[in-house]
């Protein structure tokens, strides 16, 4: 049956959907962030260098994000529930296939292509569904869903190191295949919801289903360009934070602790930023610009941490820098997706999420191999983190072109605010809320 169109419930089953989004995010990006702990084992077993093993995560990120519009289009046609369930099966098969690899190429195909394709079918539909269930508390709900990334990293980083020590990389990948299969029941929880802003008819062509017409909006074009630049550096800690800690003199568990520190900061920041953004004190594009710039500065700090004396050290400076990066990156993450309904309308949010993920793939494909190349050339990851932090800062400056990203100091009549389902930042007619002759009328100055 087709559900009766209503507004976003802002609660109820929406919190179950947010919990499913939490698990989906943890079983996709959380697993990918911790997977870097296995790269030294890949390099040793297959006799390859850091640049070549970095292509595992680069391919997984690129396939997952480049194919995200396909997941969005399939979700538009058949709904998020079956698409996410199929994606969970593909992701699990990718890990199982890689556990029996006899060359690094098999790892590329299993984790990069097969698991990456599965992740492409789960992330955008799940996150878009969370956005559709909320309006007033949207940033908090999306932030809660995105904390799955940090929570999963917090648990999986030490757990994966323990598995690698006891079962080797093959046994660890088999167990991760069983864990990622839980994406399937998460998809079953994504109950369909019809909203007033939805298109009246299904897209008639594949291009329309992909939502490419959204690029006609200047604000959406600015957002995707800035996001592509941010993507070059944003995912470097997912791949190389643990190896960077090892290069700085920490042991295996010390490196896992650094990853966990970033995860703790990430979790707290996503919830705090979600609450802050929902208060409406600062426009979302302005918050996006600020926290994007802070993320870039956090990457620079991680790259400049000095070498630790011995493996038994806790690496205090690197722990602090990783925590700062986690706080800033965690604040940035929910904003990039929650600004979309205001730019394109709630009816296009799933397609817009897929397109943003596709643009992120350009950076995701370039960043990790570039980082690995710089490490092989210089002997450590300092240049890698400095270069990629510069990319994040560049993308943050591009965000200044978004509506309301900069304060304006000109008197203007207060515009009518359309409902969130229609896109609050889309051009709307200026309307007078008070009569010009009314003695209580005042000019509004936004500064």
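Even glycines carry a Cβ here, placed using N, Cα and C.
Since this is a predicted model, take the numbers as computed values, not measurements.
Among the ranges 139-160, 403-424, the one that TrEMBL lists as transmembrane segment is 139-160. Within the set 172-190, 191-209, the record from TrEMBL flags 172-190 under the feature transmembrane segment. For the ranges 64-82, 83-101, the feature annotated in TrEMBL as transmembrane segment maps to 83-101.
Remote same-chain partners of the transmembrane segment (83-101), defined as residues 6 or more beyond its termini with a Cβ less than 8 Å from a stretch Cβ, comprise 24, 27-28, 71, 74-75, 107, 109-111, 113-122, 125-126, 170-171, 173-174, 176-178, 180-188, 190. Touching of the transmembrane segment (139-160) and the transmembrane segment (314-340) is concluded from the presence of at least three CB pairs under 8 A, sequence neighbours closer than 6 excluded.
The transmembrane segment (107-127) and the transmembrane segment (287-308) are not in contact, since fewer than 3 Cβ pairs between them lie under 8 Å (pairs 6 or more apart in sequence).
Counted over residue pairs 6 or more apart, the CB atoms of the transmembrane segment (314-340) and the transmembrane segment (12-32) come under 8 Å in fewer than three pairs, which marks the two as apart.
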